[in-house]
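According to TrEMBL, the features are:
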DNA_BIND  128-225  DNA-binding region
DOMAIN    3-116  domain 'Response regulatory'
DOMAIN    128-225  domain 'OmpR/PhoB-type'
Amino acid sequence: MSHVFIIDSDDEIRETVAGYLRLWEFEVSEFKDLSGVKDGLKSRKPDLIIIETTFNEGDGFTFIKEIRQKSDIPIIIISKRNTESDRITGFEVGADDYLVKPFSTKELALRVIAILRRMNCFIQAVKEKKWVLGENTLATDENAHKALLNGKPLRLTTAEWKILIYLTSNGGAVVSREQILDRCLEYSFEGYDRTVDTHIKNLRSKLIDPHWIETVRGYGYRFAGTER
């Protein structure tokens, strides 16, 4: 079930849109101001955001720009602001669609579905990735939940798979043991830091060449393969 955030200070519009989307089997979280949605984003990332552009405590365009610096969550603007300049600004700050009030709730729902469908196709397309290190090639397919080393399947535990995907998805950046515990193993850091080392050791042995995963002393690990 896709999760949609809707942010609008107009209670009637917000509740009407939220109710209609729920009929289409969306999970919906409602917010009437920017401070509320900022708190909501700390605990959960939605699949799509619907947002008004005018709030007492700030401008929706500025908020969208802030989101775009951190995330590619699809965003639909719903607004009474109907000038060409407003619409252009909306797209320039990163909105995926712009719907002028008043609008058809069914049309909005269909736009939500269309955007999420396109996003899903894009995600499906990029889930298969390949990396090289020397003469070796590593391929991962997140949809099929499998990894191949030089064309041969790797038998990975769930923890090893999660760690491999997390390392590769960070584009060669160093990640700490604490981050790996939190994102992949769901343990608290205290008392479990060596658990990561054990999983890394086992993963390296299956990758044959230990240089796929580099140790950054005093901090953590980084994936050393080059994406193709």
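Going from the start of the chain as shown, residues are counted 1 onward.
Heads up, the Cβ atoms here are built off N, Cα and C, so glycines get one too.
Confidence in the DNA-binding region (128-225), given as mean pLDDT, stands at 86.
Secondary structure of the domain 'Response regulatory' (3-116) per DSSP, as helix, strand and coil residue counts: 54 helix, 27 strand, 33 coil.
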